[in-house]
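Chemist: Okay, handing you the structure first.
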Amino acid sequence: MSIHRRQAQALFDRALMGQAAREALVKLNPRHLFRNPVMFATVVVAVLSTILTLRDWGSAHMAVMAQISLWLWFTVLFANFAEAVAEGRGKAQASALRGARSGTMARKLASANGDTAQLVPAETLRINDLVLCEAGDTIPGDGDVVSGIATVDESAITGESAPVIRESGGDRSAVTGGTRVVSDRIVVRISADPGQSFLDRMIALVEGAKRQKTPNEIALSILLVGLSLIFLIVVATLPAFASWSASAIPVVFLLALFVTLIPTTIGGLLSAIGIAGMDRLVKFNVIAKSGRSVEAAGDIDVLLLDKTGTITLGARQAAEFLPLSNVSERDLAEAAFLSSLADDTPEGKSIVVLARNRFGLTEPVGMDMVFTAFSAHTRMSGANLGGSEIRKGASDALTAYAVEKSGRTPPKDLAQIVEKVAKAGGTPLVVARDGCLLGVIHLKDIIKPGIRDRFATLRAMGIKTVMVTGDNPLTAAAIAAEAGVDDFLAEATPEKKLELIRDYQKGGRLVAMCGDGSNDAPALAQADVGVAMNTGTQAAREAGNMVDLESDPTKLIEIVMIGKQLLMSRGALTTFSIANDVAKYFAIIPALFLASYPQLQALNIMGLSSPQSAILAAIIFNALIIIALIPLALKGVAYRPASAATLLKRNLLIYGLGGLVVPFVGIKLIDMAVTALGLA
Ligand SMILES: Nc1ncnc2c1ncn2[C@@H]1O[C@H](COP(=O)(O)OP(=O)(O)OP(=O)(O)O)[C@@H](O)[C@H]1O
Ligand SMILES: [K+]
Ligand SMILES: [Mg+2]
């Protein structure tokens, strides 16, 4: 199965950079800065430092103080810039998603079978409005197909050129605004008000406008605030030591020292890392509704998948009528036909078609018929007509129903036929008339190609795959074996699916669920990561916290990798940032206090030129490192499947050790440059 990937964006697009630079200034708004405590502290220091510089204008340290103030402001601007670049890239992705939706006209209907349509602009459509869409039309908004069947070109949002089938009744009923009908006609019930379609809401998230901090981000922020407080105490007590000697250190130097020591690097890059994670998902045509779900994806250990429509193509079609030994094929076909006349599911429609083709059956006229629609709970459907009751459904459910109704044990050959169909991976639908069992309808479905290898990859990543299906155990076993899943649950109702997820979660596992049907919705909502297939129903797309625009359940591989990459990138940059701050302490303190304590000369291994040049170099380094790390924050640390311990060891080595060494080299070089240029 080929995973479609949107075209890669250049990491630094020029127009995007200009926009981000302007945004960085706008983000100086205190209301925005308040959300980021470390950056807020930096701004407070920048303001204080600016005031002190102006107050002491004309003093000996004036020039250095002015430069320090300037670099403090740059530190904040660079952090704002990092976030603005990440958001800008999100916006570019989002505009690609928007497609050609603006300016669409819609044909609004007064009722589902009304013929007269009124031409209205798409923006005026409201929930529950009915619109007619014919070949060539752009679908004016999100909704559910209420009647008809059509092929739809969804390439505007998925990038996939092959058209897909959308039809009323089954699990393939949802349509997305901006996609185009290729053939036939459908009536769509609009499911979202203007600006509230699921793409609109997701676009807002990708753009960062509606992004909320994830619990992990909040926890990390608290840690960063704690570290900042420790350094506040450290810096505040330093003057006490320095005042022993005559040469007091200017307050601006101490303020600058404070900013170099607090974790400004990770504080400045944190939100950019989060936004970039969601963005990377969009590249794979997966849209996350929250940053939290992307993080959870990094730790998933069980994946539940619905069978029909998720593992298989979901176009279950009636292939043959298999009557019991004392029943004619025509009688079975007729019962199946009558019970399916009002059955709106793809299965039901295909039964009507097969019966028509095989025996030329036609709809009875002038007969009172009462239909029982299919439900995932009863797992059967049917009709009452001319005094008789016809039912068809899942073999266990229907056999139990017939036994109760007639009081007779089911004939032996029924089990054999059911078994034959199921072992072939088909779905056996049993048919009964007035409690008398007639035979089996064989529904065929096809496993999505290439799925087996992808499940093997999931296994290698340590993720257990479990198929959950309303189908019988034999069919389930056959499909499970063919698809290569680790385990399966058969004859599952929506409640059972939900229960299974809760059980795993109680055992401390993090569960992902892929599904498409309305009956998957509760499970999708309960799972830590609920990936709805875009081909599915609107209910499923609402319930999940991610939507796969390509409806490929094995996309979870990419989703997990991106989640892991997000967690690793944040861990790596946090390690680097904190190691950096500690190293800076040892790099600058000796130089800063050399005048007061000449014995510190032994520690002054850096040989920085003067206290002024040392602190200026440190604050410049502190600002520039944010800019230098933006590419890593956006692209993420490379993830290759390996054990958690190996990954941790490697990252500690690179980012921990690197974080310790880099400031010594960087500050030394900047100190030399600053001195050579006569800036300090
Ligand atoms: N139109 C129908 N009329 C009667 N019975 C049906 C109909 N469609 C499906 N069934 C039976 O009901 C069972 C449950 O169907 P349902 O669509 O709820 O399954 P599910 O839980 O979504 O899992 P899966 O998608 O893997 O089948 C099917 O396996 C089939 O035996
Ligand atoms: K810092
Ligand atoms: Mg289903």
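Keep in mind that glycine also has a Cβ here, set from the backbone N, Cα and C atoms.
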Chemist: Name the residue range among 108-133, 654-679 that TrEMBL annotates as transmembrane segment.
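Modeler: Based on what TrEMBL states, transmembrane segment spans 654-679.
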Chemist: Which one is it, among the binding-site residues ASP343, PHE374, ASP520, that lies nearest to ASP306 (active site, 4-aspartylphosphate intermediate) by Cα separation?
Modeler: ASP520
Chemist: Near PHE374 (ATP binding site), how many other Cβ atoms are within 10 Å of its Cβ?
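Modeler: So the Cβ neighbour count for PHE374 (ATP binding site) comes to 21.
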Chemist: Using C-alpha atoms only, work out the spacing between THR378 (ATP binding site) and ASP520 (Mg(2+) binding site) and round it to an integer in Å.
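Modeler: Taking the Cα atoms only, THR378 (ATP binding site) lies 15 Å from ASP520 (Mg(2+) binding site).
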Chemist: Please tell me which one of the binding-site residues listed here (ASP343, PHE374, MET380, LYS392) sits closest to ASP516 (Mg(2+) binding site), measuring Cα to Cα?
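Modeler: Nearest by Cα distance to ASP516 (Mg(2+) binding site): PHE374.
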Chemist: Could you tell me whether the transmembrane segment (218-242) and the transmembrane segment (614-634) have 3+ CB pairs under 8 A, leaving out pairs under 6 positions apart?
Modeler: no
Chemist: Please go through the recorded positions ASP306, ASP343, ALA376, THR378, MET380, LYS392 one by one and keep those whose C-beta falls under 6 A from any atom of ligand 3; give the result in sequence order.
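Modeler: Those recorded positions that pass the cut-off, since their Cβ is under 6 Å from ligand 3, are ASP306.
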Chemist: So which of the recorded positions is most packed in, judged by how many other Cβ atoms lie within 10 Å of its Cβ, out of ASP306, ASP343, ASP516, ASP520?
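Modeler: That would be ASP520, with the most Cβ atoms nearby.
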Chemist: Show which residues of the chain containing MET380 (ATP binding site), separated from it by at least 6 in sequence, have their CB under 8 Å from its CB.
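Modeler: Spatial neighbours, sequence-distant, of MET380 (ATP binding site): THR372, PHE374, ARG391, LYS392, GLY393, ALA394, ALA397, LEU398, TYR401.
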